[in-house]
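A.B. asks: Got a structure for you, written out below as structure tokens; questions coming shortly.
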Amino acid sequence: MARSRDEFNEWDWLLFAAMLSVSAAIGIYYAIRGAKQNSTKEFLMGGRQMLLIPVAISILVSFMSAILILGTPAEMYTQGTQYFVYLFGMILAVILASQLFVPLLYPLNLTSSFEYLEKRFDSKAAKLTGTIMMILQQVIYMGIASFAPSTALEAVTGFPTWATIVTVGLVSTLYTFLGGMKAVVWTDVFQSLVMIAGLLAIVIQGVVEVGSMGDVWEINDKWGRIDFFDFNPDPTQRHSFWSLIVGGMVGWTATYGVNQASVQRYCSVPTLAKAKLAVLLNILGVVILLVVTCLAGIVVFAYYNGVIGCDPLANGQVSNENQIIPLFVMKTLAYPGLPGLFVSCLFSGALSTMSSCLNSLAAVTWEDILKPFWGNISEDKKIWVTRILVVFYGGCGIGMAFMAMNLGGTVLQASLSFTGAASGPLLGIFVLGAFFPWANWIGAVIGSILGFILPMWISIGAYSVGGKTNLPTNTSLCYIYNQIDNSTSSYVTSTEIYTTDMPDESSGGISDLYKVSYLWYPSIGAATVVVVGMIVSAITGFTRKSDVDPKYLIPLFDRIFCCLPSSFRRWLRCYIDFEDPEDIKEEEKNEEFTVDKEGNLYKEEQPSIIGSMKNGDIIDYNIGRYSKLNKPFDNGAPPSYGTLEHNNLAFTDESHTRI
């Protein structure tokens, strides 16, 4: 058995410092030596020319935070293997997102996913409703992602909570500020390797300590941990086949399909085919991460309850189940650098989540809130505005983490449920717009507000009716272990990673609603948005089907049931004719041109003339399109240089002409 220790040595600090330095260096590289960040499109979207594999990895680790690294093994340790079924819900969600929402949103050339809501409902109120919910959700989640691992680390390594929060906040803000989307994506790639290495170290060392995977499985089976399928339809049961598959699928469809961090990334690749593949590749990613984290849980259980014969949670060595993995690392992976690798793994999870949130928050705040007022400023100023937003939200994330630390466990748990409850209504408002052409903006706004309030109310109320009960563990040899270990460390109370279960006793009334499994919160939120949204739309007047451009709708039966006869599918989609997403992409294509003082039109960074302006007309020979300006230029030429972007002709003297 490896020698245990309770604090870092020089090798641990060296490895940890190297991880932070590399993360910061990537941001510095893209700010100084990489592609110049000369536009908001470059800073926020990587010029829409990002590589497929890095983007796919970035989507994956944006949502696989330190909460996953600590919480999933803790769940497997205390509750058994049933949670593994959650993986299949995630896989279904990835498939649905890639086949339904990517072809809907990618062709529209969006920076903010909520631009879709404005286009579909012809309403800024609908867009801002989604934007505000997303901002609240992401700011709180940033705080949780920074704070959740910090107390576990402090308890078993002595690494201060405040230092974790400040380090994660400052480093992620630094490289996001400097390098934008490209820095975030490539740092995610590096951090994903660190995360996998740290988790594999736990699994491999644990199997070595126990003996073999066969021994691991046998010990878990002996203690009643091997139980995958429970088909009980009771929605108040914490985990069942239905809540893990269906509830998990709905929640992760929101994450992969319409969450800003995901949309921003899959819209940054050059083609629709690559965008769909970037999402689909997450199937491989979630399989690897979930399998490794679940294995870590059962391996550590087998070590403490089979080899040692003493559960550290029951023995009081840790005060919270989320401290079990860090304790195992310090006691059994005490080789030079390995504890440092594990802490780097945790920090990588927190950094990847934090930076993705910062990049997404800057994008939606600029596009949805500030751009309508400041859109005429120069590109240099726009970039600095988005960078200032990164710093602002970085400060908000750090502040939220300190608030969570000071407010204590119960409020923090409510905050975590808050972020889960918010994903449902965000999915619901997109479903309402994409599948129900009759829904209007009033229904979307009111449905979203109620769909947000209901699951959040349930999630907060859930903490008033009880907590989960862990499966039995082995304490038969704790007296021997305590004599050998002689540990006198003090432990800090941490938060539960997962929503708690309810006791069996039923008190009736409204408290029964609070017992609904946390996995159903996204489904409740999404369903509320759709039902309330359609009722309100009926009361205030349905939108005429002909008034909604089909490119803002999803042909569900063509995408999911493509084998059905075409005439039957046309009837199912209410005789609406849909364009191919590639054709929509071409129509929405964001062509950029340069206009010289003589009125000649150039494609960006190309010397050849592809068109000219004369007497108020613009001829684009490149794509064979002829458009007339709303007003002619004096003397047949523009007053100064400018660019054609998003169908607007903008000039440096801030005059605009729409074509």
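Heads up, the Cβ atoms here are built off N, Cα and C, so glycines get one too.
Unlike curated records, TrEMBL annotations are generated automatically.
Annotation source TrEMBL lists transmembrane segment at 13-31, 51-71, 83-108, 159-178, 190-208, 240-258, 279-304, 341-364, 384-405, 411-435, 442-465, 519-542.
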A.B. asks: Can you name the far-off residues of the same chain, 6+ from the ends of the transmembrane segment (341-364), with a Cβ under 8 Å from a Cβ of it?
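C.D. replies: Distant contacts of the transmembrane segment (341-364): 8, 12, 15-16, 19-20, 23, 44, 58, 61-70, 111-114, 131, 134-135, 138-139, 141-142, 145-146, 149, 153, 157, 159, 164, 167-169, 171-173, 175-176, 180-181, 184, 187-188, 190-192, 194-195, 197-199, 201-202, 260-261, 264, 326, 329, 333, 386-387, 389-390, 393-394, 397.
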A.B. asks: Which listed stretch (51-71, 83-108, 159-178, 442-465) has the most C-beta pairs under 8 A with the transmembrane segment (240-258)?
C.D. replies: 83-108
A.B. asks: Can you tell me which parts of the same chain pack against the transmembrane segment (279-304), counting only residues 6+ beyond its ends and a CB-CB cutoff under 8 A?
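C.D. replies: Those are 52-53, 56-57, 59-60, 64, 68-69, 72-77, 81, 83-84, 86-87, 90-91, 94-95, 97-98, 102, 195-196, 199-200, 202-203, 206-207, 209-210, 215-217, 219-220, 223, 225, 256, 262, 266, 310-312, 324-325, 328, 332, 473-474, in sequence order.
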A.B. asks: Take the transmembrane segment (442-465) and find every residue of the same chain, 6 or more past its ends, with a Cβ under 8 Å from one of its Cβ atoms.
C.D. replies: 117, 121, 123, 125-126, 129-130, 133, 410, 413-414, 417-418, 420-422, 424-425, 428-429, 432-433, 499-500, 502-503, 507, 510-511, 513-516, 518, 521-522, 524-537, 540
A.B. asks: Which range wins on Cβ pairs under 8 Å with the transmembrane segment (51-71): 13-31, 190-208, 384-405?
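C.D. replies: When the Cβ pairs under 8 Å are tallied, 190-208 comes out ahead.
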